[in-house]
Ligand SMILES: Nc1ncnc2c1ncn2[C@@H]1O[C@H](COP(=O)(O)OP(=O)(O)OP(=O)(O)O)[C@@H](O)[C@H]1O
Ligand SMILES: [Mg+2]
């Protein structure tokens, strides 16, 4: 397949002799977008030809128009703001607690004996199963969404932090001791950086769960946010808005993951495995 | 670096006094009464079969283990010193922090409470001593095994320790790099005057570098050989070879 794509650049050889590498770079950067673009085109064409019913799946242009309308009225931005705030606050609470408890159980045998088996037991309850209970406790208040998001993102961060702290090279810890590091210095200079790659795995996994939880929670119990926007539109059979909301969720999720990856690359630049590109 | 000579930082070596030192890890005692006096500034090599307790002895001197019995003291003149302040340990592996720059790794060896500029300057000076001054800003991952071990040496030397304990630091290096590192260790030892205790599997290395070689066997000092040969010593020297053969014979005899 790549051969076929590269062919035009190769055929234009006389003129593009100097442009060759630049062209190739462009093609390589565009390659991942090829399939989505083709799908989109097919979808648009299918809608225009009438093969895809409008009330099942509106054309991309219609979805875009609906999005534009939402953006113009300010509704889109307001809902994105609400959802992002919920996601980040819930994640900060859950991830922060996960980080703290993970470090605690990773460092201290007593902490592990005291906490770990309880946490592992709780982990086996799917947190979304708690939704009815959470609605009973908090109604459809903000607290309900924050609670669910925090609960969902707690576990991956906790488990991976604990594992990261545990797997720090004991030889390095011994070196630190031999060179007179006190406990806080040892933690800051050896344990934390050593655990960081694993913490990031937990962070990215937790971010995924964060969005998933928020989507479900907003769809079931909310009166603002993107999930609510989709559910509200469904009541009025506004399929284009529903599809657009789904796309917004996908974009936000991708954005969060990209930010986490960027952060990862910045923090772990010492590690050859993360240094590429 | 020379500017520091008149400062009190020019640390002469410490003398080590060991009396009836014992150590056990649950099972039979690893060290069963070691008596050993290391004069200040001496270069002592410790040889012995694998598992005879060489590393354990070194870790006791460095204060990483507590004696199970007997006593171990570090003295500079009349003063008693704590191991943490006087001793630096170099391990068989470089044990560099992969997430700190090479300069940052060397700074690990400095005492706390120094200004950042001074830390960096002293780290750079120590790196210059091992011939890596230009690499301070790079990550350790880019270095070869021998270069990493040189950074570890710089980290051990940067605080001007009064005793340098070396636990087979050259064991993993190829023959040529090894000879270069031996010359480097000898040169800094002669320049700085610290006491050196080198644990090694290589009897040839021991007689080439040390003032004195002891052999550990069944938890005791079984042989104590002074090496009174002038420096620099040449590899393949007949007198060195004779001493090496004597110690090896004793080692192999114990094997039977
Ligand atoms: N922390 C420890 N816990 C239990 N046993 C230990 C510990 N450290 C050392 N030992 C035991 O003490 C004995 C001596 O170990 P040591 O590391 O001092 O030997 P060594 O002479 O340095 O050997 P090698 O030449 O292979 O490095 C070994 O039998 C080892 O199993
Ligand atoms: Mg050993």
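In case you wondered, yes, glycine gets a Cβ from its N, Cα and C as well.
It should be emphasised that the depicted structure is a prediction, and the values quoted were computed from it without experimental measurement.
In TrEMBL, the transmembrane segment annotation falls on A:122-140 of the listed ranges A:122-140, A:179-197. Given the ranges A:55-76, A:209-230, the record in TrEMBL names A:209-230 as transmembrane segment. Outside the transmembrane segment (A:209-230), and at least 6 residues removed from its termini, the chain residues within Cβ reach (under 8 Å) are 70, 75-76, 78-80, 82-83, 86-87, 90-91, 94, 127-128, 131, 135, 139-140, 144-145, 148-149, 151-153, 156, 241-242, 245-246, 248-249, 252-253, 256. Long-range Cβ contacts of the transmembrane segment (A:146-165) within its own chain (Cβ-Cβ under 8 Å, at least 6 residues beyond either end) map to 86-87, 89-91, 93-95, 97-99, 101-103, 105-107, 112, 116, 119, 122-123, 127-128, 130-131, 134, 137-138, 191, 194-199, 201-203, 205-207, 209-210, 212-214, 216-217.
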